[in-house]
Amino acid sequence: MTKTERYIQLRSMIPEMRRIKRIHFVGIGGAGMGGIAEVLVNEGYQVSGSDIAQNTVTDRLCLLGAKIQIGHAADNVQQVDVVVVSTAINAENPEIIAAKELRIPIVRRAEMLAELMRYRHGVAIAGTHGKTTTTSLIASVYGQAGRDPTFVIGGLLNSAGTNARLGTSRYLIAEADESDASFLHLQPMVSVVTNIEADHMDTYGGDFEKLKSTFVDFLHNLPFYGVAVVCIDDPVVREIMPRIGRHLVTYGFSDDADVQALNFSQQGHQCRFTVRRKGKEDLDLLLNLPGQHNVLNALAAIAVATEDEIDDSALIQALAEFQGIGRRFQHLGKFATPKGEVMLVDDYGHHPSEVAATIKAARAGWPEKRLVMAYQPHRYTRTRDLYEDFIEVLSQVDCLLLLDVYSAGEAPITGADGRALCRSIRLRGQLDPIFIASPDQLAEVLPDVLQEGDLLLTQGAGNIGALSRQLAVTELGFAKVEIAQVPA
């Protein structure tokens, strides 16, 4: 049976959304929103959307046939059947107001994802950190095994050139977003929880117990025959395990993990480890990603694939040939500066634990290099709530260029901005950070900072990613030695 024939057979088994033909996305330029929109375009729905700025997501959707408007206006929703809204959109948005007046259904992003998942074999990946990489690894393993899954990922899967794709099988692999508790809409067959930490606490009223209970509720959305795959190394996940009334598969470096990593080593961008599973022979693996945290992400993929009886040969090949995800320890090239060659890496991590894991991976893979980090804090509330943790982790690099906070729409908070954080790190005494008042100034400062052999790491979830790519394209203002292919 050809892929086309398989897809036709699959579509005959999945009911279309009754009366819904025209779907409009408010905030379509986000990775999660754009990914769902792409799947719906490919399913044959008439998709439109709006956002405040053009980006690579909107450009791709336009090429696929979606109608994209830059800017929000009431006229954008006049002829649609349903409006999908992202978390970033508030109730005063003119398109939301117009949709309410026209009695057009308004659904959250996760509700639309849940509809896509409802008649498929869903695999949902949740957790404070590692969701995007874990989802990408699972999608890659399933693809290598010939399962041809549909996937919706919060980052660019480099091998596919996109963050979403409509497959021809019954599998749907997707990130599950806990930031607004909307992952409770999902009803997958397999759920993964990578870890649980205090983040997005405004959603949970500042109550960490409520956050933990919400993760338990997410796992209980599984059917009684479903599988919960959880990281036993995480202390909070271990704590809630007795409350989970579903079949559990654990993974980690811990001796009591069902899927355990042993003999870890890292050389440059790659890791080697042995995986031990109950009832199976040990398997020696090469992972084309750096860091112990990424081995944990790979273990989650191994656990899911093993439960689904995917052949080990697909695991071995998918992990060894994994081409990475955009902005997840992404090597952008090597450049010659007046003082010598430097290496440029870009990473999305913006929580202290994520930044610490990235630093650890960089130290393990390139111990001889001086680590220069250009860090852009993301959200004033996160900077305020995790202030001391940020001071601790950012003090671990050799040279720190600290940008101001990327607000993500939040109002400034006194004492939780880049200048305050810079002062606090300096007072700690380990490091003398350089404050970068405007992103445009970063390129001006680099010539005085960079030395031969440095690893320059641009870090954060804001527009520092675009800035990093601009630095790569302009070769840091110096000469190119070796430049990786840089996706837009």
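Backbone N, Cα and C atoms are what each Cβ position is placed from, and that goes for glycine too.
Under the heading ATP binding site, Swiss-Prot lists Gly127, Thr128, His129, Gly130, Lys131, Thr132, Thr133, citing sequence analysis as support.
Recorded features from Swiss-Prot, shown on the structure.
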residue : record           : CB count, 10 Å
Gly127  : ATP binding site : 23
Thr128  : ATP binding site : 22
His129  : ATP binding site : 21
Gly130  : ATP binding site : 25
Lys131  : ATP binding site : 26
Thr132  : ATP binding site : 23
Thr133  : ATP binding site : 29
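The DSSP secondary structure for His129 (ATP binding site) is coil. Each of Ile125, Thr134, Thr194, Asn195, Asn297 belongs to the same chain as Gly127, Thr128, His129, Gly130, Lys131, Thr132, Thr133, is absent from that list, and has a C-beta within 8 angstroms of the C-beta centroid marking the ATP site.
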